[in-house]
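Enquirer: For reference, Swiss-Prot lists these features for the protein:
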type	residues	note
BINDING	LYS108, SER109, THR110, TYR111, ALA112, ARG113, THR132, LEU133, GLU134, GLN153, TYR167, GLN177	dCTP binding site
ACT_SITE	GLU134	active site, proton donor/acceptor
Amino acid sequence: MSVLSDKSIRKLAVEQSMISPFIDKQVRDGKISYGLSSFGYDARVGDEFKIFHNVNSSIVDPKEFSSDNFVTKKSSDYIIIPPNSFALGTTIEVFKIPRDIMCIVVGKSTYARTGIIVNVTPIESEFFGTVTLEFSNTTPLPAKIYANEGVAQFLFLKGDQSPETSYADRKGKYMGQTGVTLPKV
């Protein structure tokens, strides 16, 4: 596997709509950076979030998940994640991953250095949709996540050959997702 450079990412974004909307350069302007980087793409989080809250000391069960465990917040500026808590967001960008590509997502150092961990599971070949982002506030203090700014870097890896079965072939459960998507079994 090889990591795609800015040239390869740009070509796939323009010719195959791999990232839409696609920002062809790093944008800073007093914001947490987003857009094309040397070997990745810094995606932005949108303005809708779901923040965990404790309802009657419920237990989080991924097989029987209740949307009542979240409060939905919409903000064009930022949201606040309570201390030692968790939130979900979604990318502004829609991703259309080619068959011979997979994607690994890592959090931006700006957030990591303030105790905010961004997690996303690998994005498999031929996935299509927005990407749900998981945020953990590991600090004992409330923490801000800025809407419409960079939150995570997407690294695109080209396989040695196309897979026998892609995410689309398997009819992956998160295929075509838009907005913040809760767990599915």
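The backbone N, Cα and C atoms fix where each Cβ goes, and this holds for glycine too.
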Enquirer: When a 10 Å sphere is centred on the Cβ of THR110 (dCTP binding site), how many other Cβ atoms does it contain?
Expert: 14
Enquirer: For the dCTP binding residues given in the record (LYS108, SER109, THR110, TYR111, ALA112, ARG113, THR132, LEU133, GLU134, GLN153, TYR167, GLN177), what is the largest pairwise C-alpha separation in angstrom?
Expert: 33
Enquirer: If you count the C-beta atoms lying within 10 Å of each candidate's C-beta, which of the binding-site residues LYS108, ALA112, THR132, GLU134 ends up with the smallest number?
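Expert: Selected from the binding-site residues LYS108, ALA112, THR132, GLU134 on minimum Cβ neighbours within 10 Å: ALA112.
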Enquirer: By a simple count, how many Cβ atoms lie within 10 Å of the Cβ of TYR167 (dCTP binding site), its own Cβ left out?
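Expert: Other Cβ atoms within 10 Å of TYR167 (dCTP binding site): 21.
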